[in-house]
Amino acid sequence: MNKYICVVLVLAVICVKEWKFFVPERFYASHLGEISDFLDSHGYPLESHEVQTEDGYLLTVHRIPNGRHHVQKSTPKPPVFLMHGLLLSSVDWMILGPEKSLALILADAGYDVWIGNNRGNSRSKNHITLHPQKDRKEFFSYSYHEIGIFDLPAMIDHVLSYTGRSKLSYIGYSEGVTSFFVMGTEKPEYNEKILLMNAFALVTDSFNVTSEIFNVLSAYPWLLKLANFIGWYEMFDVSTAPIFRLLSQSRTLCNLLYHLLGSSKEQMPDQDTQLRILSHLPAGLSLNQISHYIQGTITGIYGPLSQDITTKTDHLIYDVSKVDAPIILYYGESDNLVNQHRMLETVAKKLPNLVKLYKVPYANFNHLDFLYGNNVSLLNEEALRNLNEFNGRNVIN
């Protein structure tokens with residue numbers, strides 16, 4: 001039944017892609033307003049930095065230079081860079097507030113916190129020559145491959161140049177890990193710039209996973225061809241957010257949406273928190289991004305995007321053994337986008353500098369729970385402990 005629900009949802013969104021809805025203004029309004037206002041209300045400063053990639057995209061990188069109880073110190077703060085997952089943005093590292101948002105916890109702990117945004121999302125929708133609407137097909141002709149070889153290197157170089165450091169700590173979630181491994185294999189010199197890589201919910205080939213959305217799209221890849229045929233190169237941008245928020249006024253539909261995105265019943269946040277999250281989600285993605293993941297679901301191959309996503313190309317595989325930065329893998333037993341056994345056998349064993357495997361000690365810890373789960377504080381505490389150890393800091397500042 002869930003598969004049929006997914007098919008209906010996908011087809012419905014395609015059908016209404018060009019429709020204009022009258023939606024009450026309250027559904028357009030963010031519950032938090034601008035994220036800078038939200039952080040300011042909690043006592044955090046926020047900076048925005050523009051970073052240009054080698055191929056001309058203009059990315060927004062947010063910085064939280066200090067926490068709520070800032071004390072000026074002569075010793076520079078260690079930089080840490082956070083990268084979001086599919087459909088998300090930098091806001092998702094901050095939106096739960098000081099107690100549960102990892103970016104704010106790290107700022108309060110004395111870190112210089114930098115948060116990236118990949119090309120084409122709601123915070124990085126600019127290019128030096130391409131227009132996201134007039135040149136839509138070319139602008140959105142990217143997947144996590146380009147994020148790995150262009151976006152991450154540009155943002156990391158900016159942080160290191162700005163702070164005068166030679167290394168930084170990295171925390172990636174989902175696609176923020178997928179693209180990091182692309183960078184580590186295709187541009188291995190960047191491994192030397194990473195003090196510690198914290199990999200939350202690593203997704204590589206997404207083969208034999210339990211996600212209804214991924215399994216439906218892999219079973220019916222013609223849906224992606226249809227999306228390409230009608231020119232749906234940018235998917236689920238901010239213009240669709242009011243529809244999600246409108247539907248989510250129903251607790252049943254809201255819970256269904258979060259279930260499909262990878263939130264477990266036990267860890268699912270309350271409805272007020274769900275609606276708060278939906279004030280900035282979805283942040284958009286390209287058709288190629290989801291196609292790249294579905295290619296892995298169909299073929300079991302973690303490699304560059306092919307023209308035919310249903311055909312195996314064994315000679316084009318990301319060699320994760322080249323990723324020799326120190327890495328800690330954090331995984332959950334019930335992650336709907338990660339085949340736990342496959343990840344441990346085909347990825348973890350090949351990493352030359354795997355420091356630790358950390359399994360979140362909850363039986364039903366799903367993919368989205370790494371950001372929004374009710375028990376996410378335990379994960380955040382573990383990540384902070386590991387960062388402190390690698391940065392030579394024995395206490396929380």
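Heads up, the Cβ atoms here are built off N, Cα and C, so glycines get one too.
In TrEMBL this protein carries:
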ACT_SITE  S174  active site, nucleophile
ACT_SITE  D335  active site, charge relay system
ACT_SITE  H367  active site, charge relay system
DOMAIN    35-95  domain 'Partial AB-hydrolase lipase'
SIGNAL    1-18  signal peptide
Cα-to-Cα gap, H367 (active site, charge relay system) vs D335 (active site, charge relay system), nearest whole Å: 5
What's the number of neighbouring CB atoms sitting within 10 A of the CB on H367 (active site, charge relay system)? 27
What are the non-local neighbours of the residue listed as 'active site, nucleophile', defined as same-chain residues 6+ apart in sequence with CB under 8 A from its CB? H84, G85, L86, L88, F200, A201, V203, L337, H367, F370
Local confidence of the domain 'Partial AB-hydrolase lipase' (35-95) - pLDDT mean: 93
Could you put numbers on the helix, strand and coil content of the domain 'Partial AB-hydrolase lipase' (35-95), residue by residue per DSSP? 11 helix, 19 strand, 31 coil
